[in-house]
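A quick write-up on the structure given underneath.
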Amino acid sequence: MTVINMTDLDLAGKRVFIRADLNVPVSDGKVTSDARITASIPTIRHALDAKARVMVTSHLGRPEEGVYSEENSLQPVADVLADKLGQPVRLIKDWVDGGFEVAEGEVVLLENCRFNKGEKKNAEETARKYAALCDVFVMDAFGTAHRAEASTYGVAQYAPVAAAGLLLVGELDALGKALCEPARPMVAIVGGSKVSTKLTVLESLAEKVDQLVVGGGIANTFLKAAGKPIGRSLSEDDLVPTAQCLMEKMAKRGAAVPIAVDVVCGKQFDANEPAVLKSAEDVADDDMIFDIGPESAKQLAEIILNAGTVVWNGPVGVFEFDQFGEGTKTIADAIAKTKAFTLAGGGDTIAAIQKYDIYDKVSYISTAGGAFLEFLEGKKLPAVEILEQRAKG
C-alpha cells in the first residue's frame, strides 16, 4: 500500500489542508470525550512545526446539508484544539470560497464540512473549491476513509499534492501488520448484538484466523448452531445455518470457533438483574444469556495468551452492567498480558478498554468504527485508494 506520507514533504510556507476525524461527542457546548482530537494532534503539530499555513476540517454529527446548526458547530472542538496545541485556533465559518488568510505556523479550523452543499455526494464543484484552498491535502481521517465524500476523496483528486497524515499511516500500518502479515496463531474476537451486521467481517476473518471468538448476541446464534439451548436470548434464527457453515468451514482447515461451556444468565435486561452462572447445557427457556462464564473466559484467555496476533472488535458480554462484565474483563486482562500484536477497534471495544484500564497495553487502538470493519472485511477504502492513485503520479 503506497501513499505519500506527509512527513516526506517540505511543508514550509505551504497551505496545508488537513481532513481530520474530529467527530466527537458534544454536550451543552462541551466536548465529552476528546480521544479523536488527541489522536489528530501529531499530524497538526507536524504541519505547524514545519511552518505550514494549516487548515483543518472535519464533520461532526449529521447536520442538514447547506444549513448551519449551532449544535453541530466545531466551536467546542476549536476550544479543545487550542488548549492541546497551546495556541489560538480560529474557527472559520464560510470557507469554501476562500477569502481568509492563514499565517505560517498558524492553524485555523474550518467549520463542519457537512454544512457544505455537495460534501456528502462528493460533488466535483465542491471538491475543486476545497482543492483550490491548498498546496497540499492531507487525509488523516481513517474513521471516514470508507466514504467517498468531497473532503475525503474529491479534494484528494484535485489538490496539487495529496498525502496521508501520521494517524492514517499508523492505522494502515497496524491493520496491514495484523491482517496481511499476521504472526500466528491469529485470533479474532468479534462481539456485537447481531450476526447480520458483522456477517461479512465474520466470513472474511473465518478464512484468515486460527481461532474466531464470537461474543455478545452473535455468540448466541453460534451457540444455537452448536445445538445448545439459549432460552430467550437475543439471536437470529435465520442465520443459524450460516453460523454452522462458518464453523464447518473453519474446522476443515484446522481452525475453530470456540463455543462457551458456561454462561451467565438473567431473566431480563436490567442494571440490577441478578447474575446466575450456568453450564451452557442448562440454560432454561426463560433465561437470557448476558455473558460468558469463568470457565469459558479462562479458555479464551489461554487462547489469547498463546496468540501471535489478536484483533478485537466487540465485547463478549453486557459489560456495561458489572455483574455481566467479567467475561469482557478477563478478555481485556489477557489482551493486556499477551505478547501478541494486539489491535482493537470500535466504540464498544474502546469503552471496554477504558473501563478495564488497559489503554496503554494494547499494541494499536483504531479510532475508526465503520472503516475498521470494512478493512477487516477486506474491502478497499475509497479515500485510501485515491491517495494510492495520486502517489503513482
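Using the three backbone atoms N, Cα and C, a Cβ is placed for every residue, glycine included.
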ASP21, LEU22, ASN23, ARG36, HIS59, LEU60, GLY61, ARG62, ARG114 bind substrate per Swiss-Prot; candidate in ARG90, ARG128, ARG147 listed for that same site:
ARG147
Further ATP ligand in Swiss-Prot, beside GLU320, GLY346, GLY347, ASP348, THR349, within candidate set LYS177, LYS194, LYS198, LYS208
LYS198
Taking the residues ASP21, LEU22, ASN23, ARG36, HIS59, LEU60, GLY61, ARG62, ARG114, ARG147 listed for substrate, what is the greatest CA to CA distance in Å, to the nearest whole number?
18
Going by DSSP, give the three-state secondary structure for ASP348 (ATP binding site).
helix
Cβ density check for GLY347 (ATP binding site), other Cβ within 10 Å (all protein chains) comes to 10
Given the binding-site residues ASP21, GLU320, ASP348, which one's Cβ is surrounded by the fewest other Cβ atoms within 10 Å?
GLU320
When you tally the Cβ atoms that lie within 10 Å of each candidate's Cβ, which of the binding-site residues (HIS59, ARG114, LYS198) has the highest tally?
HIS59
Give the maximum pairwise CA distance in Å, whole number, for the residues LYS198, GLU320, GLY346, GLY347, ASP348, THR349 listed as binding ATP.
21
Would you mind reading off the Cα separation of ARG114 (substrate binding site) from LYS198 (ATP binding site), to the nearest angstrom?
27
